[in-house]
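Asks: Okay, here's the structure, questions in a sec.
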Ligand SMILES: NC(=O)c1ccc[n+]([C@@H]2O[C@H](COP(=O)([O-])OP(=O)(O)OC[C@H]3O[C@@H](n4cnc5c(N)ncnc54)[C@H](O)[C@@H]3O)[C@@H](O)[C@H]2O)c1
Ligand SMILES: NC(=O)c1ccc[n+]([C@@H]2O[C@H](COP(=O)([O-])OP(=O)(O)OC[C@H]3O[C@@H](n4cnc5c(N)ncnc54)[C@H](O)[C@@H]3O)[C@@H](O)[C@H]2O)c1
Ligand SMILES: [Zn+2]
Ligand SMILES: [Zn+2]
């Protein structure tokens with residue numbers, strides 16, 4: 001790849017794969033397929049959503065066809081509701097109709113919804129075919145790395161899934177220019193998360209470059225996504241299947257998921273919900289006796305990026321607590337939380353008293369007397 | 001395990017697991033769970049079909065409860081139609097309602113239908129939980145070993161699946177006594193297959209013990225299932241994901257699957273369809289110049305076990321050919337077949353002319369002039 005492109009490797013032994021981050025990459029898809037020996041005779045399925053299809057599918061398809069690949073497009077409706085078994089069923093049908101065989105490739109072109117959904121198709125079609133991630137949202141720097149793929153069940157998010165690593169991740173920064181500003185901010189929330197769990201210097205750099213990041217300056221954005229993907233890939237390569245370490249990536253997610261569920265999916269974006277969740281985790285840190293500045297700093301940074309750190313007033317704290325009890329991270333009778341120990345590092349606590357959590361959920365409500 | 005129990009290991013590195021074959025094993029389930037450190041706090045889901053539930057579920061549940069495990073039963077309708085995404089969806093719901101967590105176990109108690117279906121639940125619920133196979137049909141000596149799990153799509157059988165190895169296989173021979181005789185014969189068809197691809201001595205022994213096997217003599221049956229599982233596990237441990245060698249297990253399946261599809265699932269049992277398919281493969285061997293006795297011997301043995309070696313007259317040869325073209329084993333423009341080279345060994349041929357296949361399909365039709 002040429003100079004401007006940043007490259008990373010997710011070290012997973014025989015499943016290791018590269019991440020490329022840069023400009024103008026979509027039009028190089030075919031070239032990369034050929035270089036990496038993807039068989040020309042096996043059709044490719046390009047999965048994307050209606051918004052992204054319109055903007056970027058053709059570039060990818062043209063590039064693949066120019067290199068001799070046959071490609072069929074499968075377009076799903078925009079939004080989280082597409083991560084369902086019935087949409088999955090339709091994609092399996094599309095794969096069959098496109099004649100995909102065991103050597104075929106499924107491409108996810110889009111945000112985390114498309115990545116998770118297409119990834120589950122790739123993981124299960126004929127018991128697993130090649131998979132390529134082409135993230136087009138900032139949030140998807142997270143979802144496209146690490147191999148977690150899933151669909152939702154009516155009763156629980158991401159409950160049906162697999163670990164299925166991509167062959168490569170191709171991150172074309174140009175696509176991010178069309179992202180709605182609210183999606184930009186929400187995506188940056190997961191990037192900050194990677195700093196908060198692993199790298200204080202990166203948090204500092206991030207803080208100092210807020211304006212350039214929010215303005216989608218390609219150099220700043222490329223560096224931030226590179227650093228974010230790097231943290232994710234280091235963690236994943238040490239614990240692919242989330243036996244222990246990988247859980248730290250859930251910082252802010254216990255409260256965050258509960259908020260998403262209670263607000264109704266779509267009301268709060270995932271990145272917004274976890275920003276509030278990270279503010280909550282930072283307050284837990286203080287309860288555990290860590291430096292009170294952790295909580296203040298965390299909130300200050302999120303506010304600087306236009307992200308919420310308060311629970312909307314119309315959300316009922318009881319419902320939030322109840323939703324948390326259903327969360328996967330609620331294990332064998334005790335609450336599990338990822339808790340900061342300083343800016344840039346965290347610990348996994350299995351012993352978080354639920355009344356502390358309750359207290360913090362109350363404090364975080366918009367309009368509650370400031371704690 | 002005590003004396004009468006035969007034990008085998010499927011050698012798959014860190015995913016290695018034991019197969020136990022013997023009498024009175026169901027009532028030892030709880031004991032085995034405890035011995036192997038399955039966590040007591042995590043609920044177990046017992047998946048079975050309506051016929052098997054009635055006969056054997058309680059024995060398993062009582063045993064688990066006596067050892068301190070919480071277990072919920074999920075019963076599906078008897079038959080291949082239960083290997084669907086919608087039944088799968090219902091089982092995910094049952095798992096959620098039973099409170100299964102990441103350390104929980106899904107048990108398949110039943111034939112290959114229950115094994116494949118419950119296995120796919122275990123492979124995907126929370127991205128994979130523990131899985132235990134308790135086969136109760138003879139055919140399931142095949143499906144319970146090797147980790148292939150799947151459900152069907154309206155357009156294709158076994159097209160949605162995963163590789164998910166069980167923690168162990170517990171094969172209680174006592175359960176086989178209630179199997180309908182037609183299921184017994186159909187199951188023995190896959191056992192013979194394991195001899196035909198790998199072990200001439202075993203075919204000879206099998207041939208000599210037809211009466212005891214058909215009479216479900218526990219000693220003969222235990223030995224036959226042990227040898228059948230052994231061939232399967234040797235092949236699987238050399239090629240878990242069917243990159244090459246594992247394909248030999250498909251002897252008889254190219255024609256067999258086509259017959260099942262054309263006859264309508266349920267008309268011909270799987271074991272019956274592949275008996276006809278193996279007769280066809282043996283004729284291909286002769287066309288390739290191998291000993292003509294292969295075809296005669298193959299047919300003689302299947303007939304001895306009351307298995308069909310002719311295609312029912314009402315099945316249209318064109319439809320069979322067309323169904324084969326849709327089969328996964330039809331690769332990149334050429335027909336792939338597993339072809340015997342003698343009784344007890346096979347080769348994978350990528351170069352089988354489709355007109356040979358056509359000819360043989362015609363010859364095999366009931367009432368066609370004997371070839
Ligand atoms: N697998 C993982 O490890 C992991 C990690 C984090 C999140 N996730 C999942 O990711 C999903 C959220 O991802 P997301 O925030 O990317 O959501 P998304 O895929 O719904 O994308 C957000 C919105 O942006 C639009 N969009 C995407 N790219 C665009 C572009 N370049 N220009 C204009 N519009 C564009 C989409 O159409 C959509 O409306 C959730 O389902 C979450 O569970 C998965
Ligand atoms: N995963 C694999 O590697 C693999 C290999 C071969 C076959 N299979 C699958 O296996 C399935 C066929 O398996 P099967 O033949 O066991 O079918 P099955 O599970 O439908 O069982 C056959 C019948 O026997 C009944 N039954 C089961 N155990 C009984 C018992 N002990 N007493 C009385 N009745 C009993 C069942 O209710 C059913 O009616 C197919 O779906 C096939 O695709 C999978
Ligand atoms: Zn997240
Ligand atoms: Zn079979």
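Indices start at 1 and increase along the chain as displayed.
Backbone N, Cα and C atoms are what each Cβ position is placed from, and that goes for glycine too.
So TrEMBL says this about it:
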- B:75-185: domain '3-dehydroquinate synthase N-terminal' (DOMAIN)
- B:112, B:113, B:114, B:115, B:116, B:136, B:137, B:148, B:157, B:175, B:176, B:177, B:178: NAD(+) binding site (BINDING)
- B:187-329: domain '3-dehydroquinate synthase C-terminal' (DOMAIN)
- B:190, B:253, B:270: Zn(2+) binding site (BINDING)
Asks: Going by DSSP, is residue B:114 (NAD(+) binding site) part of a helix, a strand, or coil?
Replies: helix
Asks: By the count of other Cβ atoms within 10 Å, pick out the sparsest of the binding-site residues B:157, B:253, B:270.
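Replies: Lowest Cβ count within 10 Å among the binding-site residues (B:157, B:253, B:270) is B:157.
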Asks: Rounded to a whole angstrom, what is the C-alpha distance between residue B:112 (NAD(+) binding site) and residue B:190 (Zn(2+) binding site)?
Replies: 12
Asks: So if I measure Cβ to Cβ from residue B:190 (Zn(2+) binding site) and keep only same-chain residues at least 6 apart in sequence, which ones fall under 8 Å?
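Replies: B:138, B:139, B:141, B:142, B:228, B:270, B:271, B:274 - these are the non-local Cβ neighbours of residue B:190 (Zn(2+) binding site), listed in sequence order.
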Asks: Per DSSP, how many helix, strand and coil residues does the domain '3-dehydroquinate synthase C-terminal' (B:187-329) have?
Replies: 104 helix, 3 strand, 36 coil
Asks: Of all the binding-site residues given, B:137, B:178, which residue's CB has the most CB neighbours within 10 A?
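Replies: Of B:137, B:178, the one with the most crowded Cβ is B:137.
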Asks: What same-chain residues, at least 6 away in sequence, bring their CB to under 8 Å of the CB of residue B:176 (NAD(+) binding site)?
Replies: B:136, B:137, B:138, B:184, B:216, B:221
Asks: What three-state secondary structure does DSSP assign to residue B:176 (NAD(+) binding site)?
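Replies: Note: residue B:176 (NAD(+) binding site) is helical by DSSP.
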Asks: When the Cα-Cα distance from residue B:253 (Zn(2+) binding site) is computed for each of the binding-site residues B:114, B:116, B:157, B:178, which gives the smallest value?
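Replies: Closest candidate to residue B:253 (Zn(2+) binding site), judged by Cα separation, is B:157.
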Asks: If you draw a 10 Å sphere around the Cβ of residue B:116 (NAD(+) binding site), how many other Cβ atoms fall inside it, taking every protein chain shown into account?
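Replies: Cβ-Cβ neighbours of residue B:116 (NAD(+) binding site) within 10 Å number 23.
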Asks: Residues with Cβ closer than 8 Å to the Cβ of residue B:114 (NAD(+) binding site), same chain and 6+ apart in sequence?
Replies: B:47, B:48, B:49, B:52, B:76, B:82, B:108
